[in-house]
Every structure is written in C-alpha cells, then in structure tokens.
Amino acid sequence: MATPLGMLRGKNAAGEHELHVSQAPPPVCPVDDEAIDLMKKAGVERGDEAGAEAVGANPDVKVLNTRNLDYILKSGLAGGMAGCAAKTVVGPLDRVKILFQTSNPQFARYSTSWFGVARAMQDINRNEGMRGLFKGHSATLLRIFPYAAIKFLAYEQIRAIVIPSRGKETPFRRLISGSLAGITSVFFTYPLEVMRVHLAFETKHGIRASLRRICRQIYNEGRPGVATATATTRATSAPIPPTSSPDGFFTNSPHPPRLVWGLSNFYRGFSPTLLGMLPYAGMSFLTHDTMGDLLRHPILAPYTTIPHSENLTTTTTTTTTTTTTSSSSSQPQSYKRVQLKASAELFSGAVAGLVSQTSSYPLEVIRRRMQVAGTMGDGHKVGIAETARRIFAEKGFRGFWVGLTIGYMKVVPMVATSFFVYERAKWWLGI
C-alpha cells in the first residue's frame, strides 16, 4: 500500500518503529482552509502524491483545461459582458469627467464646484438631451467589449503561468499578473479609446458626431497642407487613404519626411497609458483578490458567501491528444472559490476601484490631455513631460487631480459592476 508523503516511518532510540506525521505548511492566505475543505470533499488528503489522480477520478469534481478554446472563449465572453455592463452604468459620468479633464472651455467653470457634476449634466441634458449624456457611448461599447474581454482573458492565462500553485500566490505575483493583463488589452484597443475621447469632447451643436468623421479628423491632424478639424469645426477634407508607410508610427522626428500624423495619431498618449496601466490594472486585480480572500475568511464566510457554490471545480493545464491526456506535475491543482454574495462582491470591486483610481489618476489626466492635443487645435505631438509642465503651469499640483471626485463617483459603481458581472458570468458559464 502506498504511503502518503506526509507520513514517514523512523526508528526511536529503542529501535522500534514509530510514525511521524509531518506538519502541514502554514496557509498562504485566509482561504487556504477553504481549499483544504474542498480537497477533503473530493477525497484528497493534503500532501497526497496521488492527489491529482484522485481529484480527476472523483465524479463530483469537474476538471477544466484553462488552455483549451472553450475556456478561453467563455472567459473572454464573461469579461466582455462585464465591461459593457460597467460602462453603461457610468456612461453620463464618463462624459462629464472627460470634459473636466480636458479643460473644455464650456465646462471649465463647473470643475471647481461641489455640485459641478450635477450642473454639467443638467447643461448637457438641456442643450443636447439625454442622448448627449451618452455621446461617444457607441464607441465606448465598441472599444470596451474587446478591451475587457482581452483583459480578463489575459489575466486568467497570465495568472496561471505566474501563479502555478497556491503556495506561490503572493501580492507581488497578483500585481504583476494584473499589470500585464492590462497592458495586453490596452495595446490592442487603444485607437478606439482615442476615438471615444474625441467624440465625448465635442460640445458644438449642429455637428453630427460620427465615427467615420472622427476617424478622418484624427488621421489628418498635423498632416502638412491639410487643415486640422477641431471639435468646434466640421471636417471638410475628403477621406484620406491609410498611409502605406509606418514612418510616423513610432517617431517624434520633426523632419518633413517623418512628420507625426496619420496612424500615429490614434496612439497619441499611449506612453502614459502604459505607465498608468501598471498601477491601475495591477492594483485593481490585486485589491479585488485580496478583498476576496478577506471576505472568504472563515469568520466572515457565513455572512459573505453563497453556500455550496464552489462546485468542486479544479483547474488544470492538461494537454489533450486524440488518444491520451497528460498532466504536468509542476502545475498543482487549484479549486474554484466559493462565490461571494452580491453585496460582498460589489463591495470588493468598489474598494478595488478606489485604490486603483487613486494610484493612477495623475497619469490618466496627462493621457487625456495628450489624446485631445490635436482636438485643441495644436497639431504637434507633445510628450509626457511637456504635457505635465503645461498642466502644472495652468493649475499647479491640483491640475493633476482635476475630476478626481467624479472619478471616484464613476469608479465605485464601474469596477464593482465589472467584477460582479464577471464573477457571476463565469459561474453561469461553468468556469
């Protein structure tokens, strides 16, 4: 009979055999007890070398392959749904926040008032109707679905690599996983974000806000011999075919052959976005996971979790062929966590939003200003340092925190909704 690894036989001073039971390693987080309980339910003892086989053989345990197409598609779908739901909830606040951050002349007087947000929304509703509060929302949904899908999908995949076992689940690894996921998603969807900001920045009446016109306007900003369309004038130039040369894409050279215009305009403000994404996405996932650990602590679990919602699910990184299935022993099994109640999940997401927004807000303000540099009629490409100097010269250090109050008002429901919908969608989809 095979002896469990945790039980070793030795000889005492009298030469008689005695049984030594090794101590279980200390829990790495409050929910480690939860994992132990699930292993017992699955018939697996802690430290059992045959644990993976025992789990897989148990009919009550559903084995998931995080690398197969089904899991990837479902996690991406759950992420996209979460992003769209979150952005729809805060659409009006998002419009007002962008107007404040970019120092739109028509709304500058509202940015320093305690009730400025409400007054700005009333002004927009009076002049543009309810649709004005959601101007740019179509571009938002067009951008947010792939962005959120890629972000959550990337987080699941990167996390599986960076944190292969519960014993290696540290705050730093969680932070790195979230940051890399955020960078991956923003790289593929950033042009749509620039289009959304331009749409939201427009306040001129009588101008039809369309994605086609905005694309043409952004593309032509800074082009030699072409008048730059601004937020207060209608673009009149004919559509320009995309350039066949990537010269202007990653260059800041002022020489005529390498002027910064065309496709590079869709990546204006990309550098501070990457810098801002490191603390924002990283702190968001780290805080959410940490709050989830605390709310699942045995003392709080009876009040914050849904009983019997763990489903005894284990995640693996198996490689399946037509005849055999192999499982790497270097990828220990992990178990699906008990679902939090709606109030607890929303609270966890709200705290994550507050922490992530505070840590990255100055870089977000710089990014917004860089994105609308062409819209403001300037046309030449400015860097992070120059934009920061302009903001400081205009409003001092307060300029880097303009709109933070509305940022909090937006982030609390947005991030809370995002994580809540994502976790519930994963549960409904069986992953």
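Counting begins at 1 with the first residue displayed.
In case you wondered, yes, glycine gets a Cβ from its N, Cα and C as well.
Annotations in TrEMBL come from automatic prediction, not curation.
Annotation source TrEMBL lists compositional bias 'Low complexity' at 227-238, 313-330. Here TrEMBL flags 227-251, 309-334 as region 'Disordered'. What TrEMBL records for 70-161, 169-294, 340-428 is repeat 'Solcar'. For 399-422, the entry in TrEMBL reads transmembrane segment.
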In the same chain, residues at least 6 away from the ends of the transmembrane segment (399-422) whose Cβ sits under 8 Å of its Cβ atoms read 78-79, 81-83, 85-87, 89-90, 93-94, 96-97, 100-101, 103, 111, 117, 148, 152, 284, 288, 342, 345-350, 352-354, 356-358, 361-362, 364-366, 388, 391-392
Kindly state the mean pLDDT of the repeat 'Solcar' (70-161) in the predicted structure.
86
Checked against DSSP, the composition of the repeat 'Solcar' (70-161) is 79 helix, 0 strand, 13 coil
May I have the DSSP-based helix, strand and coil counts for the residues of the repeat 'Solcar' (340-428)?
73 helix, 1 strand, 15 coil
